Each structure stands twice: as C-alpha cells, then as structure tokens.
Amino acid sequence: MGGPPALFVDHLENGHTNGCLLKSQDTSVQIGDRSFVIGGSHEENPLFLGVQIHDKITNKWSSPTVLGTGPMPCKAYSAIVLKQGRILVIKKDSASDDSIWFLEVDSPFVREQRKLLGTEVVAWSKGVRGNAEKPIVISGPSGVGKGTLITMLMKEFPSMFGFSVSHTTRSPRCMEKNGVHYHFTEKNVMEKEINDGKFLEFASVHGNLYGTSIESVEVVTDSGKRCILDIDVQGARSVKASSLDAMFIFVCPPSMKELEDRLRARGTETEEQIQKRLRNAEAEIRAGKSSGIFGHILYNDNLEECYKSLKDLLGINDDAPVNGLEAVEGINLPKEHTATKMEDKILIQETGEATKNNMIVLDLSSINGGAPGRTRGIGLDTVNSS
C-alpha cells in the first residue's frame, strides 16, 4: 500500500498544542516536520474549510494565507498525501460535486506565491472528472474584427463555446442582472480576492474595478463549453502569468491604412477618437507581435478566410463540428467510507452495517491543472472488492 489514510489529530497533546484547541473531527496529515490540520472554518471566511500548520520542531502553530476557492466545512474528512506537494481531501457525506478537493501545500504554484507574499501559503482546487479543452484568449486592436469573428463562432457553434461572466464593483444599470451581465461585488471584497490570486486579469476604469475571475472561466468549462476571453494585450499578459493553461490568439489588420478605413466606416467616432484608437492600435500590435504571449497570429484581410483559419486553429471540422466535451459530472461517494492510497489510485471502501462489496477507485495518474482553478483528469471506476 502507498501513503497513509486519514490521521486524526487527537494525538497532538490531547487536542491542545501551544494554546491551539483542536476538535475531534479535524484531520491532520504529516509532511516532513509539519502537520497540516484541516477542519473547522477559515478565520477570514467562515464559509470555507480551515487550514492550520503545526511545526513539530518549534511546537508552534501558524494560519497560512489560503488561496483559491476552498470547500465548505462538513462533519468529517479523509486526507491523503500525494506527490507534488498535494493533499487529497475527501469530504464525507457531501454532494457529488463537492466531495473531492486538493490542498496544495508545496506545489510550484504555492512555492511561487510563498515567495511573492513572503508568508506561509496553501491553495485549494476542486477535483473534477475528465479533461477539458483549453480556454481561448483572443486579442487585437479596436476595429480589427475580433468581435465579429467571435460572434460568428458563437452563432455557428453555440453549444461549443461560452463567455465567462466578469466581475465589477460598479452598480448595476437598468435591466442588468447579477450573475448574467456581471458579477456585481463590493470593492473591498474584489480587492481581497485579487490579492488572494482569484483573478486572471483586472483593471480600474473610472474608479471601478473590472476583472475576470478564475472561477468564472472554470464554470464555463464545467458546463462542457470552451471559454472565450476577449481581452486586451495587458489582460492577456496577466492570464499568461497565471496558472490557467490557455490558447492565445492575436488578430492583426492587414495594414494600418485598412484599420483606419474600417474605423472611419463605422461613422460612430470623432476625428480625435479615431486618431487615439489608431495610436493605441499601433502600440497594441507591436506588443502583440513581440511580447511572446501569443502562440498564433491571424491577419484579418478577408473575414471569411480569417474565420476559416480561426476554426482550423481550434480544430473544428466543418463536416463534423462535434465538441467532444461533456458537462462535469459529480463523484458520488458512500456517506461512510475508508480511503487508502495505492500508487496513483485511491481505493474508497464503504463502511457500516449495509456495506456492499463494491469499491470506488479514483485514478489520479492523469490529473492536471490545479490551484487556484480546477484539478482535472480524475478517472473513476467501480470494482468488486472481493
């Protein structure tokens, strides 16, 4: 057998260590000289599960900075140490879409954040069955036609692609609905979540914050669609620096003369506005071509041909435009169970009087992604334990 199943923290000085009171349902795992104690509520957000760290050498407790969106507290947990500085946390007696979580305590992402923040850091990610296509970041100067290309794509393949819902701190306008047009939030809340690494990109516009959260992109992916992000080069740079694995496409005009003609043909802007857009476009094109952000550059000199090139990049066959993705399914676990690690598999056996012979096997050999988004690629099988 591999790593140990859940260890409960009653052995830590009968629930007291250096003034920290532990509860019997808290779960602890030992990694080196540190115990990671999982249970209760997060001190800054009571809706999320709490994490504390006990150092055996100094006999001191610390409350780490917790990044990502964590699970809600429940009555009991199993916790198993995995490779790459991760702890698998299985919530007992929980909903199927809320049962599998990963706590990263020494992953590359956590080490980077620890260095940046200068404090102890852990990070949560939800475990998800199966894999997903990469989100698509599309950038380009105003008037280049990227909005038209995206509209064509959404119209032809409405079940394949979707937009994330952005966050903003401004007040809703007439007919705007929370969660549909924007996620409307308070400035101090959004600033806190930005500091916690929950946003891919953000900007301040006229005193209000606007941004794209990692969770809003993951929700689109969970629905079985491929998320499209229509953002500028600066936003794309932020996404590139994040943990999100995306495809980056930059759309260029055939020439600045052609771009100017398109802007003038709109008939919606003054001469001053046109000149400002042209100056911004030149700077954005230079940045788009030289930044190393974009793996693909399209030239929109002919809309239909550019659209075909976009579809080719995305691997869409005109004869068989099949998404090949399904909405994320939950993982139904027994209310009472034991969990054991065997190499890259987790064996979950139901316990209790009405125990069945079936055992659930979680295959973690192909997991990918991670905090502060989703950990995808979990395989699921049921075998007869006898």
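Placed from the backbone N, Cα and C atoms, the Cβ positions cover glycine too.
Quick look at what TrEMBL lists:
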type	residues	note
DOMAIN	133-315	domain 'Guanylate kinase-like'
COILED	264-291	coiled coil
Contact set, same chain, for the coiled coil (264-291): CB under 8 Å, 6 or more residues outside the stretch: 139-144, 232-233, 237, 250, 252-253, 256, 297
Average pLDDT across the coiled coil (264-291), rounded to a whole number: 85
